[in-house]
Amino acid sequence: MRATSGAAHTAVLGLAGARPARVVENEEFTAVLDTTDHWIRSRVGIVRRRFAAPDESVADLAVRAGEKAVADADLTPSAIDTVIVATCTMPSPIPNAAAQVADRIGIEAAAAFDLNAACAGFCYALGTASDMVRAGSAGRVLVIGAEKLTDWVNPADRSTAIIFADGAGAVVVGPAARQAIGPAVWGSAGDRVATVGIWDRTHLTQEGLSVYLWATNEIAPVAERAVERAGLTLADIDALVPHQANLRIVQAIGRQLKERGARADLVVADDIVESGNTSSASIPLALDHMRAAGSISTGDVLLLVGFGAGLSYAAQVIECP
């Protein structure tokens, strides 16, 4: 049997985000739930978020982000041969989103599959894509994190309704002159499976305190291992882009990494303030926002870390395209 080999090195070639048009301020929740703007900001850090229209689907959001990412990489759809969609909010398990997205973008005969690792999904998909290109099983991969969480949230549940939102972000992964995507460090804590989930196909529920304690105790070491696997030190990292779960969690991870050796001027993504928690879409959306705002730029060394339901986690270092 013949062994295959692919590109010696991989990189993120393009990046983009897609946000629904509807902006939902905290005041919309204070009018119908027992909550206040101050409570929401102090507990989760969210000021506003985006909600998709009733007829706007996960695939619709993914297509928008994917098309923009391909263009940002200065490629045409014909240059892509694989599509991975990280999502946990498809309305049904069959068919997958990826094949629909590939067809609508114009990527012919694409290898196409969905990946569900919930809020860690984008980092899982990115690691898978990089490994596929290096193994020779893919040439260029369109990786999309896309979610419509509002389909699965009980609007009367204060603990989830104020947090979760909709959106999509995408990157293109392909061959490069030098390695610009570090090895993924990933794993799970299946004994905590009941912490976050959608049970009986009804509404998403989560034990917020349990997630907070787990994330603030376990995720910084995972992120540090990803830096070590990339052959770098924390002082080499220009920006930390964690899953935008909760601003307090994001800030705690940033503080812990600075205590472990990251620079005092480490940029820490805070897109949750404007976008809410968009699960697998949150990291690429944060990357898109940060690049547009000028807080990261081409060549910057970025530490990505996703974590969530499963419980699952994954992290890797990339260079900003």
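Glycine is treated like the rest: Cβ placed from N, Cα and C.
Per TrEMBL, these features apply:
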DOMAIN    113-190  domain 'Beta-ketoacyl-[acyl-carrier-protein] synthase III N-terminal'
ACT_SITE  Cys119  active site
DOMAIN    228-319  domain 'Beta-ketoacyl-[acyl-carrier-protein] synthase III C-terminal'
ACT_SITE  His243  active site
REGION    244-248  region 'ACP-binding'
ACT_SITE  Asn277  active site
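Following the DSSP three-state reduction, the secondary structure of His243 (active site) is coil. Straight-line distance linking the Cα atoms of Cys119 (active site) and His243 (active site), rounded to a whole number, equals 7 Å.
Straight-line distance linking the Cα atoms of His243 (active site) and Asn277 (active site), rounded to a whole number, equals 8 Å. Counting every protein chain shown, the number of other Cβ atoms lying within 10 Å of the Cβ of His243 (active site) is 35. Cβ neighbours within 10 Å of Asn277 (active site), excluding its own Cβ and spanning all shown chains: 23. For the domain 'Beta-ketoacyl-[acyl-carrier-protein] synthase III N-terminal' (113-190), residue counts in helix, strand and coil come to 26 helix, 27 strand, 25 coil, using DSSP. Helix, strand and coil content of the domain 'Beta-ketoacyl-[acyl-carrier-protein] synthase III C-terminal' (228-319), in residues and according to DSSP, is 38 helix, 23 strand, 31 coil. Packing around Cys119 (active site) is summarised by its Cβ count: 33 other Cβ atoms lie within 10 angstroms of its Cβ, all protein chains included.
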